[in-house]
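Remarks on the structure that follows.
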Amino acid sequence: MMKTIGELCKIINGIYNIKGNVEKKITGISSDSRKIEAGDLFICLPGVHVDGSVFAKQAVEKGAAAVLTTKHLDLPPQVVQITVHNIHEAMEDVVPYFYDYPGKKMRMIGVTGTNGKTTTTHIIAHILRSAGYHVGVIGTIHALIDDEELPIHNTTPDVVELQQFLSLMYEKGITHVVMEVSSHALDMKRVAGCEYDTAVFTNLTQDHLDYHKTFENYLAAKEKLFQGLSSGEHVKDNKTAIVNIDDPYGKDILGVCKCKVLTYGVEKEADLKGANLKVELKSSSFDVTGPFGSVSLHMQITGLFNVYNTLAAIGAAHAEGVSTEIIDKAIQTFHSVPGRFELVEEGQDFAVIVDYSHTPDSLEKALTTARAMNPKRIIAVFGCGGDRDRTKRPIMGRIAAEYADIPIVTSDNPRSENPEDIVKEVEKGVLEGLKEGQHHEVIVDRRSAICRAVAIAQSGDIILIAGKGHETYQILNSGTIHFDDREVARDAIKGR
Ligand SMILES: CC(=O)N[C@H]1[C@@H](OP(=O)(O)OP(=O)(O)OC[C@H]2O[C@@H](n3ccc(=O)[nH]c3=O)[C@H](O)[C@@H]2O)O[C@H](CO)[C@@H](O)[C@@H]1O[C@H](C)C(=O)N[C@@H](C)C(=O)N[C@H](CCC(=O)O)C(=O)O
Ligand SMILES: Nc1ncnc2c1ncn2[C@@H]1O[C@H](COP(=O)(O)OP(=O)(O)OP(=O)(O)O)[C@@H](O)[C@H]1O
Ligand SMILES: N[C@H](CCC[C@H](N)C(=O)O)C(=O)O
Ligand SMILES: [Mg+2]
C-alpha cells in the first residue's frame, strides 16, 4: 500500500506548494498525532476544539514523514510539507487513493435516517451472512469483520479511520459492507471515496439541530447519500435506493434518486408492504408483500418500528440478490441488537427494558411499543445528552409525560454541561405534558433514578430505561465513568 509523496500529490487538487523530497514513501496516514507511526503522513485538520496543526510537531516526533497543511509550519527540513488551499478536499482526494479505494471494490450498503440505522444494518448483515457472504459492519456499537469486533468512536468514522477499516475488511476477504451513514458524516464528507450499491433511508425526525441548525440542512445532508448513487465518478452500476415511503420525507428522498428505487411501508402503497402485525414482549409477526410475492414472517424482535427496520433490511437484501427463502429463515433467527429494547430478566414480576431511544421520535416509538404490551403502568427513566441538540429536551419530556405513567427524568451523558441544568430543560416539557394527578420525578443521578424505578415497580409494570442502550459509560464533566443501565438495573432488581 506504500505510495510516494509524488504519487499522492498527483491526486490532490489545489496544491500550492510542495517542500521536500517527493520520492519518499508514505507508510500510513492519520489526522491524529497520537496515532502517527514512523513514515506516516499527518493531516492537520481544523477541529471544533483545536487546530490540528498545533500537533504537527508531536506527529513529527513520532516519525511523520510528511504533513498535509494549509499553512507553512516550522518543522525540521527532512519533513515534507504539502500545502493546499482546502484541507478537507485534499484529504478526500488522497486518503481513499492511498488505500486503493476499498469502498469501490466491495458491495457497499449504506443506511441513513434519524432512527433505526444500527438495528437495520445488523438485520441486513445477518441476512447477508446467512446467504454465505463475508460481511463487514460499521456503526454505533462497533465495527465487525466477519465476527471479529473492533472498537469505534463515531457512528460513521472520519475519512482516515473509515478507509482504514474498509481496507482491512477488503484484505480479510469481506465481500459486503453494511454501514451506518450519519448526517454528520454526509455533511463532513467522511464517506468520500465510497461508492454505495444500495442505500437505505429509514426516517427523518428531529435530532442534531445543534450541528445542522435547521431541519432543511439536516434533510439536505441525508439526501447526499442518495444523490451520491448517481453522481461523481463511478465504477459500479445498478444502484438501488430503499426508501421508507410512510415517512413524510420519503418523497423528498425519492425526488433526488436517479436510480432503481424500492419503497417500503405499512400505511401507504409500497413495493414492500407490511401488514397484520402482532407484537409480543419478545417476538412479533407480520406479513410482507413484495416483488417476490407474499410471506408471513416471525421475528425475535418486537415493535412496529422493527417492522420498518425489517422491511428496510428485506429491501436491501433483495437488492443484493438474496433469495426470499434465505431472507425468511434469517429473519426468524435474528436476535435483537444489544441495548435495543433489551430485556433485563432476574425473575421479577415486572418487565425492565433497556433501550437506546435518545430522540423524540424513538422515545415515542419505544413507549408506544411498551404500551402495546398492555402493562399495568409504564415507568420511564430517561434524560438527554449534554453538548447536543437542546431543543429536543422539552419535547422528549412532553413525550415521556404523555406516553408513560410515571416519567423519571435523569442524566444521560451530560458531557461538559451541568446535569442539573439539562434535567430542568427536560422537566419543563414533562410539566407541560402531565395529566391531572400524574406523578413525575427528577433524580439527577442515573443509578438512583433506576433504583427508584425498580423500587416502586409493581407486578405487571414495564420500566423503560431509555437513552443509553449498549453504552457502558456515563460522560461527565469530571471524566468518563463506567456505567451500564443493564448492570445497574440487574443489581437493583436483585437487591429489591
Ligand atoms: C462535532 C464532531 O463531529 N467532532 C468530531 C471531530 O472532533 P473535533 O473537530 O472536535 O476535533 P478536535 O478535538 O478539535 O481536534 C482537531 C484535530 O486535531 C487532532 N488532534 C487532537 C488531539 C491530539 O492530541 N492530536 C491531534 O492530532 C484531531 O484528531 C483532529 O483531527 O473530529 C473527531 C475526529 O474525527 C471526531 O471524533 C469528533 O466527533 C465527536 C467525538 C462527536 O461527538 N461527534 C458526534 C457529534 C458525531 O459525529 N456523531 C455522528 C452522528 C451519530 C448519530 O447519528 O446519532 C456520528 O457519525 O457519530
Ligand atoms: N425505525 C425506527 N423508527 C423509530 N425509532 C426507532 C426505529 N428503530 C429503532 N428505533 C428506536 O430508536 C432507538 C435507536 O435505534 P438504532 O440504534 O437502531 O438507531 P440509530 O439510527 O442507529 O441511532 P444513532 O443515530 O444513535 O446511531 C431504538 O432503541 C428504538 O427505541
Ligand atoms: N449518536 C448519538 C448518540 C446519543 C446517545 C445518548 N446517550 C447521548 O449521549 O446523547 C449522538 O452522539 O448524538
Ligand atoms: Mg446507530
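Even glycines carry a Cβ here, placed using N, Cα and C.
Among the features that TrEMBL reports, ATP binding site is placed at GLY113, THR114, ASN115, GLY116, LYS117, THR118, THR119. Its own atom aside, the Cβ of GLY113 (ATP binding site) has 27 Cβ atoms within 10 angstroms in the protein chains shown. The secondary structure of GLY113 (ATP binding site), as reduced to three states from DSSP, is coil rather than helix or strand.
Taken residue by residue with DSSP, PRO414 (meso-2,6-diaminopimelate binding site) is part of neither helix nor strand, so it is coil. Taking a C-beta cut-off of under 8 angstroms and a sequence separation of 6 or more, PRO414 (meso-2,6-diaminopimelate binding site) has the following same-chain neighbours: GLY385, GLY386, ILE422, ILE475, LEU476, ASN477. Per TrEMBL, the feature meso-2,6-diaminopimelate binding site maps to ARG388, ASP412, ASN413, PRO414, ARG415, GLY467, GLU471.
TrEMBL lists 25-82 with the feature domain 'Mur ligase N-terminal catalytic'. Secondary structure of the domain 'Mur ligase N-terminal catalytic' (25-82) per DSSP (helix as H, G, I; strand as E, B; remaining residues coil): 13 helix, 18 strand, 27 coil.
For 111-317, the entry in TrEMBL reads domain 'Mur ligase central'.
Taken from TrEMBL, the feature domain 'Mur ligase C-terminal' covers 339-469.
When other Cβ atoms within 10 Å of the Cβ of LYS222 (N6-carboxylysine) are tallied across all protein chains shown, the result is 26. In three-state terms derived from DSSP, LYS222 (N6-carboxylysine) belongs to a helical segment. Positions annotated as N6-carboxylysine by TrEMBL: LYS222.
Residues annotated as motif 'Meso-diaminopimelate recognition motif' in TrEMBL: 412-415.
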By CA-CA distance, flag whichever of GLY113, THR118, ARG415 among the binding-site residues is nearest to LYS222 (N6-carboxylysine).
GLY113
Rounded inter-Cα distance in Å - THR118 (ATP binding site), ASP412 (meso-2,6-diaminopimelate binding site):
19
Three-state secondary structure, THR119 (ATP binding site) (per DSSP):
helix
Excluding GLY113, THR114, ASN115, GLY116, LYS117, THR118, THR119 themselves, which residues in that chain have a Cβ inside 8 Å of the centre of the Cβ atoms defining the ATP site?
VAL111, THR120, GLU180, THR202, ASN203, ASN309, SER362
Do you know the DSSP helix, strand and coil residue counts for the domain 'Mur ligase C-terminal' (339-469)?
50 helix, 23 strand, 58 coil
CB neighbours of ARG415 (meso-2,6-diaminopimelate binding site) within 10 A?
16
Fewest-neighbour residue among binding-site residues, criterion Cβ within 10 Å, set LYS117, ARG388:
ARG388
